Amino acid sequence: MPKRLDINTILVIGSGPIVIGQAAEFDYSGTQACQSLKEEGYKVILVNSNPATIMTDTATADKVYIEPLTLEFVSRIIRKERPDAILPTLGGQTGLNMAVELAKSGVLEECGVEILGTKLSAIEQAEDRDLFRTLMQDLNEPTPPSEIIHNLDEAYGFVNEIGYPVIVRPAFTLGGTGGGICHNEEELIEIVTSGLKHSPVTQCLLEKSIAGCKEIEYEVMRDSNDNAIVVCNMENIDPVGVHTGDSIVVAPSQTLSDREYQMLRNTSLRIIRALGIEGGCNVQLALDPYSFQYYVIEVNPRVSRSSALASKATGYPIAKLAAKIAVGLTLDEIVNPVTQKTYACFEPALDYVVSKIPRWPFDKFESANRTLGTQMKATGEVMSIGRNLEESLLKAVRSLELGIYHLELDHLKELDKETMKKRIIKADDERLFIVAEAIRQGVTKEEINEWCEMDFFFLQKVENIVNMEREVKANVGNMEVLQTAKEMGFSDHYIAAAWNKTEREIYDMRKENNMTPVFKMVDTCAAEFESATPYYYSTYADENESIVTDRKSVVVLGSGPIRIGQGVEFDYATVHSVWAIKEAGYEAIIINNNPETVSTDFSISDKLYFEPLTIEDVMHIIDLEKPEGVIVQFGGQTAINLAAKLEEHGVKILGTSLEDLDRAEDRDKFEAALTKLGIPQPVGKTATTVEQAVAIAEEIGYPVLVRPSYVLGGRAMEIVYRQEELLHYMKNAVKVHADHPVLIDRYMVGKEIEVDAISDGENVFIPGIMEHIERAGVHSGDSIGVYPPQSLSEKLKEQIIEHTIALGKGLNIVGLLNIQFVVFKDQVYVIEVNPRASRTVPFLSKITGVPMANVATKVILGQNLVEQGYGTGYHPEEKEVYVKAPVFSFAKLRSVDTTLGPEMKSTGEVMGKDLTLEKALYKGLVASGINIPTHGSVIITVADKDKEEAMEIAKRFHEIGYNLLATAGTAQSLAEQNIPVQVVNKIDSEEYNLLDIIRQGKAQFVINTLTKGKQPARDGFRIRRESVENGVACLTSLDTTRAILRVLESMTFSAHSMKEITQTKRHEVVHA
């Protein structure tokens, strides 16, 4: 069937900010879809609220709207642009929910807009638990015994009939939000209440737990002609009970017999056909390991996290083809872009094993509950490819960037059998490592299988790795053993430790013995047809398939998995750098290991290597390709951390030299550079012992800001107000010694300013200056950023520009630099300089029209700023106001404190733009998920140090008609200022108290700055968590509160009696 000619304009709905459960995979799928539709000649309009993506670049669609993904704003765009159709199935759960909302509101019918791809009825049938269960019954497909419930009484009824454990699955939610497994009544009350609250239709499915079954996924495609294929089938190493986004997944499935594979394949195709899905779809199934009994768990009627993984695992571009199917093309008409010979109706075949391991944020949130269940907690994931499962798994482990090079963690060696048993049964992020440790300690596979029902096949693979460890240790220097270990994926780092040598010595030993890996191609067809894709993985085998050309090449290091502090912004910079390298006439080679991102789409670079970002794996590629050099400044801290080791291997680092990188990162060298340039900075010193730290803090005076050197995302950074807090930090947050000093600065309570600039060593160009709403002390990634600055005097702006130019030249920066300043008592101080791409690069690039990563790359390759038409100075400011607001995933991470501080906690960002600050802030806050009602109640509980400041805020809330609620201490302060307030009981009161008000939704905002104790059980922590669990905006910074007040005041009409107005005027005359 040819493509449709009755439609011209298509609106694509993006997925919004990155949150746990919905990460960079939708930037990848959305970008592919927009390009795919443009290829077919359609006019594409895109709406998305996330400025950090390639998808929201102006080149991706014909028109790009970076606006909140709410009914109000999307309807406005539809009425203005009048598209013929919308495509919502590439925007994750956000896109689907938006489509349902638009249809129900009547706006699609009013404007004559059709939904493309999967029909609305199919979306609802797959997403609505009741409709889906009915369809499965009609198809005679087994689902676990279940019941749809809308309240707790119905839940009790089901449990009384079926017994515990039961799984709670809320309808229309993302990443299992609000769901979980209930083993008793207490858990049932908590999880069902939470699930009903998070479901937009107040509906949950309660089902008998089938935890322990194998979890299998099929990624399927279907077109309007009813052609349907399986793109990839995948198997979770963790049995049912752990969310698939938190499971270690392998592809293709490893433990299914042919009969089981065909049975589940047929089921998946039968379901996609019955639903009438047109495009990509993900089917999740549970298989009893001891019989052929299976159950259908759920269907995602859209492109998902799993489809991004399946696309990268097979090379088959699901999103690209789903977009073509949406406009009427069929699988037998679409040429497979990988082979460029076969058609898209050929099912991919794999001659390798792919492993995916999730990347969790627990290194950031040590107090978080690490237990894994049906609610997703991972922020990102890594993927690796090998010729056997052992190799594939070990490559994935060292891709995680946790400083781990093998399936072993030192701190687990102390665990006794009972503790290991408990943790293996319960499942947390370290389960696979504990399984390996248990096998090392002599626990049998049978016992482990009994504890967690992990398949014997996977346990055998872990045992193979453990047995090989013993071989390696028993045969020091044996080349045959080394060869076997390398074939199994062992790293040089592990072997070096076992043989008491350096990693470099093992590397040299291998090279002398011609023991190097070859590179194989990912081609969708198991080498049956010739492939046109330059997409490779390493393995120890015979034939090398990566042909080196005679063109000059440049390697760009990617940024690895998405995690807090290093998000999709770095992938954005990486992709733009690759494009610039190609424009400059070089061959662009990228090394990365994140299956969710645009940078690992094989069509972006000239060559893509899907490999761990370790010195060993990167050097294998450099040894083969012999590039002109390596660019490290776009891959975040991941790439910067490799620079020194690469230079030791004789590799040329392009752009800012290693010496100058070190000068910006090393505290003493940086201080010396600032002193030489005459640029002030907060008083600070470096401590290498606890005693030194205490002495320095006494000398410069509390409060102090403490942090380790060389960090990203403010990891282990804290503001401490007294000695006991400092001692707690030194003991628990960092391991301080001569190689890892701790930096201690005077903490200045001032306005924070952030600048991104490009330097060629002679000229320094500044695209933009941003002002943070929150004062210094809140991490820049968690602050609301405003461009252009709204409250900076021209004099201060000139100082900032002068300092930036001086730093760019003085530090010999070639490429990008990011500087954070604090304005304190009308003086500008430098807090830090990052000689690399920052997370504000996409935001500023989009606003100013300066493609910063592209310009910086060309500078790195030798084209100076003047030749590119820029030169030195500050780019003229835009007229509109732009706001970058952070987005948090606290609802997914139980027992994490939501207080903002110098350690970064946000997972994503949104942008709001308008003619005034108030309007831009409104859009930014609404897009980030904060509801801004014009009236209601606000609970105020603040620390003593904030009481004076809180009075002015309380008064302003009262002025616009809000009710004020406060506990006794704060209430008394308000009453003394004649501000009406209702006293509420503290949280330890037996009677109706503050937490009850939050639980019952009787407060719209909670302002809480209670001193954060080191024990999370403190009152403030409980208030903040209760707010998050109940979807109430909890403001822990008075600066953020003021920003919200500005918005509320601009939305609210004043209501003053004439007498009040007259009195005010008379007062002004008297004081004139």
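Quick reminder: no glycine exception, Cβ is built from N, Cα and C everywhere.
Now, the feature entries from Swiss-Prot:
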type: REGION; residues: 1-401; note: region 'Carboxyphosphate synthetic domain'
type: BINDING; residues: ARG129, ARG169, GLY175, GLY176, LYS208, ILE210, GLU215, GLY241, VAL242, HIS243, GLN284, GLU298; note: ATP 1 binding site
type: DOMAIN; residues: 133-327; note: domain 'ATP-grasp 1'
type: BINDING; residues: GLN284, GLU298; note: Mg(2+) 1 binding site
type: BINDING; residues: GLN284, GLU298; note: Mn(2+) 1 binding site
type: BINDING; residues: GLU298, ASN300; note: Mg(2+) 2 binding site
type: BINDING; residues: GLU298, ASN300; note: Mn(2+) 2 binding site
type: BINDING; residues: ARG707, ARG746, GLU752, GLY777, VAL778, HIS779, SER780, GLN820, GLU832; note: ATP 2 binding site
type: BINDING; residues: GLN820, GLU832; note: Mn(2+) 3 binding site
type: BINDING; residues: GLN820, GLU832; note: Mg(2+) 3 binding site
type: BINDING; residues: GLU832, ASN834; note: Mg(2+) 4 binding site
type: BINDING; residues: GLU832, ASN834; note: Mn(2+) 4 binding site
type: DOMAIN; residues: 930-1072; note: domain 'MGS-like'
type: REGION; residues: 930-1072; note: region 'Allosteric domain'
Just how many other Cβ atoms lie inside 10 Å of the Cβ on GLN820 (Mn(2+) 3 binding site)?
19
Over the domain 'MGS-like' (930-1072), what is the model's mean pLDDT?
83
Count up the helix, strand and coil residues in the domain 'MGS-like' (930-1072) according to DSSP, in that order.
69 helix, 20 strand, 54 coil
Within 10 Å of the Cβ of GLN284 (ATP 1 binding site), how many other Cβ atoms are there?
20
Considering Cα atoms only, can you say which of ARG129, GLN284, ASN300, GLN820 is the nearest neighbour of GLU832 (ATP 2 binding site) among these binding-site residues?
GLN820
For ARG129 (ATP 1 binding site), the three-state class that DSSP assigns:
helix
Cα-Cα distance maximum in Å, computed over every pair in ARG707, ARG746, GLU752, GLY777, VAL778, HIS779, SER780, GLN820, GLU832 that the record assigns to ATP 2:
18
Assigned conformation of VAL778 (ATP 2 binding site) - DSSP reduced to three states:
coil
GLN284 (ATP 1 binding site) versus binding-site residues GLU752, VAL778, GLN820 - nearest by Cα:
VAL778
If you measure from the C-alpha of GLU752 (ATP 2 binding site), which of the binding-site residues VAL242, ASN300, GLN820 fall inside 10 Å?
GLN820
Ten-angstrom check, please: count other Cβ atoms within 10 Å of the Cβ of ARG707 (ATP 2 binding site), all chains counted.
22
Specify the nearest of the binding-site residues ASN300, ARG707, ASN834 to LYS208 (ATP 1 binding site), where nearness means the distance between Cα atoms.
ASN300
Quick check for you: of the binding-site residues ARG129, GLU215, ARG707, VAL778, SER780, GLN820, which have their Cα within 10 Å of the Cα of GLU298 (Mg(2+) 1 binding site)?
ARG129
GLU215 (ATP 1 binding site) to ASN834 (Mg(2+) 4 binding site): how many Å between their Cα atoms?
44
Other CB atoms, at most 10 A from the CB of ARG129 (ATP 1 binding site):
25
Please give me the CB contact count at 10 A for GLU832 (ATP 2 binding site), counting all chains in the structure.
16
